[in-house]
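Here is the structure we will look at, set down as structure tokens.
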Amino acid sequence: MKAQNFYFAFPIAGVLSYLVIHTFYYLDINKRTYNHVPGECSYTYSLQSGASDFEIYNGTLFCSTGLDLNNASNSSGALFAWNLAEREAYQLELVSKKPPKNFNPHGISIYGRSLMAVNIRDEQFDSIEIFRLPTNYPYRRIKHIKTVENPLMTGLRDVVAVSENQFYATNRHYFRGKTMKKFEFLTNLRLGSVIFYDGHKIHLVLTRIATPTGIVFDHKKKHLYVASYTDEKILIYDANGTELTKINEIHLGTAPYFLIYEQSTLTFYVAAHPVKMRYFFYENSPDQFMCPTQVLQIKKKFKKDKWSFTQLFSNDGATISGGTIAWKTPQQKLLIGNIHTGILSCDLTAV
Ligand SMILES: *[C@@H]1O[C@H](CO)[C@@H](O)[C@H](O)[C@H]1NC(C)=O
Ligand SMILES: *[C@@H]1O[C@H](CO)[C@@H](O)[C@H](O)[C@H]1NC(C)=O
Ligand SMILES: *[C@@H]1O[C@H](CO)[C@@H](O)[C@H](O)[C@H]1NC(C)=O
Ligand SMILES: *[C@@H]1O[C@H](CO)[C@@H](O)[C@H](O)[C@H]1NC(C)=O
């Protein structure tokens, strides 16, 4: 009898300890973050409700602020503009006949005069809001053109405009319930997806991607780059509307959030989290936890299928917690945005 119990218990204990150890490494609990700050850093205090994504347009940074990932009705969502030659950012006035309800913006993208924003909602599904940028500088008002919503928008994170009326977007989650979302993340179920909007209809173009977050597009080469958070990779596709062919991937060893791709220099800026577990806690209770941030610059080596990596910034969470987006300005400043505290601006004197 006893022996039987032993034989029965042994494999279960084995499986359990395997799962515990696997989860330990998967969530990076064994990793430490060392501080590497490239120069003097300071916050832009006019962005006190965060800047979870930003994009440059004619020397002005457009950012999404006020995001609440856990409770959309508690969002102070707005779009801000910051002319980098000036000190302060300011809120853009949204002009609309039918303003989006509970605007809770996360990923944004600009193409031509369109600005698209992911709207994370409490409703049945999320949406993408499309705005028209103003023609007159300085930019003060932004016109809401339309809301694109669809049952396939189960857990949006980021959007990339491929024309003024077409986009790809990432669904980090398949499930909408809070508990199932956590389960999906912790077990890396790989149920994330990418959708394509052709101007009329939404198409599901990629499935079974591990928690896709950032997405960017190379308009010349027609390459789509998708950041897979829990697989710690950037996936590369040849993209023509609904037809996507995977051509390569970049292994990072850190979990990428949003990306910026500079077409002219073939360079990515990646805001990443070296310890996924810390981000998991931070996302759910930002007041109680800190999350380390790392910023990578990745350049394509010419004529080779190789990439060169430079770490521009690394912090344990005390200076900036859970950075979601980063970019190096032509004036050699590193800007890092996050959901709750705004944009940290660092001099790049000691990279
Ligand atoms: C671009 O910005 C400059 C000022 O920095 C402004 O004079 C110009 O009108 C802007 N162009 C457009 C297309 O908004
Ligand atoms: C609402 O948001 C604020 C920060 O913007 C946060 O401190 C607060 O805990 C949130 N409240 C709820 C009920 O989610
Ligand atoms: C979400 O935020 C709203 C507004 O602050 C608040 O009334 C509500 O109780 C919050 N819901 C939860 C579940 O915290
Ligand atoms: C893109 O797809 C369209 C329609 O499927 C096709 O007609 C076109 O040739 C494709 N373009 C390229 C560059 O593959």
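Each residue, glycine too, has its Cβ placed from N, Cα and C.
Residues D53, I108 are recorded by TrEMBL as Ca(2+) binders, and the candidate that the same record lists for that site, out of D28, D68, D126, D158, is D158. Candidates C41, H106, C346 (recorded positions) were compared with D158 (Ca(2+) binding site); those inside 10 Å Cα-Cα are H106. With the fewest other Cβ atoms inside 10 Å of its Cβ, the least crowded of the recorded positions C41, I108 in this structure is C41. Other residues of the same chain near the Ca(2+) site, with their Cβ within 8 Å of the Cβ centroid of D53, I108, D158, are S52, F54, E55, S64, P105, H106, G107, S109, A117, V118, R157, V159, G214, F258, I325. The shortest Cα-Cα distance between C346 (disulfide bond) and any of the recorded positions D53, H106, I108 is the one to D53. Comparing C41 (disulfide bond) with D53 (Ca(2+) binding site), their Cα atoms are 19 Å apart once rounded.
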